[in-house]
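Before any comments, here is the structure.
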Amino acid sequence: MSRLLGGTLERVCKAVLLLCLLHFLVAVILYFDVYAQHLAFFSRFSTRGPAHALYPAASSSTNCSRPNATAASSGLPEVPSARPGPTAPVIPPCPDVPPGLVGRVVIEFTSPMPLERVQRENPGVLLGGRYTPPDCTPAQTVAVIIPFRHREHHLRYWLHYLHPMLRRQRLRYGIYVINQHGEETFNRAKLLNVGFLEALKEDATYDCFIFSDVDLVPMDDRNLYRCGDQPRHFAIAMDKFGFRLPYASYFGGVSGLSKAQFLRINGFPNEYWGWGGEDDDIFNRFSKIQNTKMSMKWDGIGSVRYRVLEVSRQPLFTNITVDIGRPMSWLNQG
């Protein structure tokens, strides 16, 4: 009986020992499993790799065929994807020969020409007479300077013909009417100096200046209002002179100079009051660019004196009314 009882106790002890060993093994397995999970969790946030290691891209099995389909959440904060913003369209440079030119233009001055009509015909012209072609980038920014007094009738026709021409020529330009105040003797060249300075005050990017009388309209839009390597004379054939120059050195009517050329000759002479004389002086300045005359040093853009009375930006041009003084009694008054 005692031997039987001893055998039973031995088997019970072995069973208990096996259960304890089994419990220990289960505890060890669970411990390492939990430890491995914690290790993976912290290593994910301590990785020093690139951004895609933190936020992996969606796998190839992600369903993107539906507009509202989303990838399965990874349990991490969602970071919005970097999408390129809208880029401005690249505008090409304007061609040397604009494609929309028409050549010879019929010019007549008998039809009524109210400014309202001219404004309707040029919807792309901005306040102050500014225009920029929408489909190309011009190489120059042009200021057109008009010396002016009591010529409203001519101005309306000039605007009627010149705005469409300049737009067809793909120019970036502004129109400036420099109005001499009062009834003193007219001084065309001094007004042109004033126009040069005042246009640059409004837009320092002007690098080409066209100086035009208000009663001169080109009869062919292929006569491009641009500046070149040398000063340009645009009115080389006028109807009132039988389509020829009155003399070889005539440089009146319409001329064009770059900003650098204008400054190099110190602008135009200020002391020619009345009509005539200033054109010859201007021509002489052009021909003496390499050997500057003494008069150019003291009479020109650096010595011009005037007072701006009013700046009015009209729908088709900018009007600048100025007081330029009066001629000295000892000067030639034309």
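Using the three backbone atoms N, Cα and C, a Cβ is placed for every residue, glycine included.
Because TrEMBL annotations are produced automatically, they should be read as predictions rather than curated entries.
Annotation source TrEMBL lists compositional bias 'Polar residues' at 58-73.
Feature annotation from TrEMBL assigns domain 'Galactosyltransferase N-terminal' to 94-227.
Note on the domain 'Galactosyltransferase C-terminal' (232-289): its mean pLDDT in the predicted model is 75. TrEMBL lists 232-289 with the feature domain 'Galactosyltransferase C-terminal'.
The annotation region 'Disordered' is assigned in TrEMBL to 58-88.
Positions annotated as transmembrane segment by TrEMBL: 12-32.
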Which residue counts does DSSP give the domain 'Galactosyltransferase N-terminal' (94-227) for helix, strand and coil? 39 helix, 28 strand, 67 coil
